[in-house]
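The block underneath contains the structure these notes are about, expressed in structure tokens.
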Amino acid sequence: MNDTITAIATPNINSAISIIRISGPNTYEIVSKITKKEITKTGYTFVKEFIYQNDLIIDEVIILKYVAPKSFTGEDLIEINCHGGVLITNKILDLILESGARLAENGEFTKRAFLNNKLTLRQANSINNLIFSKTDIATNLSSNGIINSNNDFFLDIKEKIFYLIGKIEVNIDYPEYEDVEQVTAKEFNLEVKEIIDKLNKTINDFNKVSYLYNGLNVVIVGKPNVGKSSLLNSLIKKNKAIVSDIKGTTRDLVTESINLEGLLLNFIDTAGIRESKNKIENIGIKKTMASIKEADLILFLIDDSKKIDKKEKEILNLIKNKNYIIVKNKSDLKVNANSELKGISISALKKDVKPLVNEIKTNLKQGDFNIANNLAICSDNELKIIKQVLLVLKKSYANSLSGFPLDLLVEDLKVAYEKICTIMGLSEDLNIIDKMFKNFCLGK
């Protein structure tokens, strides 16, 4: 990190103000060049100066000064607040680059903050989650990850693995000492199995509540022409899907997202499930079946003005082990032909969907919010690493059960240990760190 980086930190659009961020050892020297005035690290924390291109003034800006280590990145850092035209902002950026800085990579400012111990990896990931949050709930969870950055869960896992590695290596290096406690295969298996169980639980917890970050996938299924597209349009209050009396008009999956009291719901209207000789329609039906498997919640829509038929009973059987709500459409006709089925009555045509919205809210488990607030994993990046750790430990556990000597298994433990250290920000493996920060914003 001996070079100086720069990037536009605000959207590259015409606006009132733009911010250009510069960080690194030559920050003050570079800004002094483009202002034709020495910008010192002492004095006021912000100054008003002109930016020059040769001898021509191109903008009057506010310069915010941060001196290492008291900055976001832990380095000398300056933020130039200029007028927000795209042309002028990029002109100033070009001047900074010509004066010795290089364009930052995605997430490089945050990566430097992490490498300079200004942030934990958990805090860095939570900041990225916060930037991309689409609901109040996701924002609150991300903020919680920034504030509560402890690594207690991973510290416990790390220490257990380190303890095992240490005992095995002592046994290998000093077999002649009888007073050194010997690690048995039974002890090894118990310890590793305990770690595997803990990792499985935290992965399951993350998967259970990931919808709070990414949104709940709500799939609308039913026979053709029962009002699925009308229901979708009523829920999202737009005319998104094709509404027609012709069967099979929704041949592909139609997706729209809404913010329901702080929770993101991704509604998917699917092709009607029926026997069809139309190849294109059959593709849509296959996609519907795939969506059902991935759905967090299924809205099974029926026409309640007539009894459900054989095909609808097959659909009901298909989703019986999923999280679903039976939605009885056409309540305005007041027939209620399927009174034996427990469901929510609505009229998609009259946009009377409030009872369904209330049921969806009730369907969400309050306990999930408690799990989310105490998650050990806070990002997909961490999830990927934990899965890698789990894979290595499962391999080691299986090999131990098969009779492998422990000295052959210690290398697997070292791999797992290093990956846990990566999550905690203790790893020197910069390749992994680079990959994690590539998903961040430019200028962040």
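Note that Cβ sites are derived from N, Cα and C of the backbone, with glycine treated the same way.
Annotation comment: Swiss-Prot describes Arg21, Glu79, Lys118, Lys444 as (6S)-5-formyl-5,6,7,8-tetrahydrofolate binding site. For Asn225, Ser244, Ile246, Thr249, the entry in Swiss-Prot reads K(+) binding site, with the evidence type sequence analysis. Taken from Swiss-Prot, the feature GTP binding site applies to 225-230, 244-250, 269-272. Positions annotated as Mg(2+) binding site by Swiss-Prot: Ser229, Thr250. Feature annotation from Swiss-Prot assigns domain 'TrmE-type G' to 215-365.
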On a C-alpha basis, identify the one among Asn225, Lys228, Ser229 that is nearest to Arg21 ((6S)-5-formyl-5,6,7,8-tetrahydrofolate binding site); the candidates are the binding-site residues. Ser229
What's the CA-CA gap between Lys118 ((6S)-5-formyl-5,6,7,8-tetrahydrofolate binding site) and Asn225 (K(+) binding site) in angstrom, rounded? 57
In three-state terms from DSSP, label Arg21 ((6S)-5-formyl-5,6,7,8-tetrahydrofolate binding site) for me. strand
What three-state class does DSSP give Lys118 ((6S)-5-formyl-5,6,7,8-tetrahydrofolate binding site)? coil
C-alpha of Ser229 (Mg(2+) binding site) to C-alpha of Glu79 ((6S)-5-formyl-5,6,7,8-tetrahydrofolate binding site): distance in Å? 49
So how many other Cβ atoms are close to Glu79 ((6S)-5-formyl-5,6,7,8-tetrahydrofolate binding site), meaning within 10 Å of its Cβ? 19
Which of the listed binding-site residues (Asn225, Ser229) has the least company, meaning the fewest other Cβ atoms within 10 Å of its Cβ? Asn225
Glu79 ((6S)-5-formyl-5,6,7,8-tetrahydrofolate binding site) and Asn225 (K(+) binding site), distance between Cα atoms, whole Å: 57
By a three-class reduction of DSSP, Lys228 (GTP binding site) is assigned helix
Three states by DSSP: which one describes Glu79 ((6S)-5-formyl-5,6,7,8-tetrahydrofolate binding site)? strand
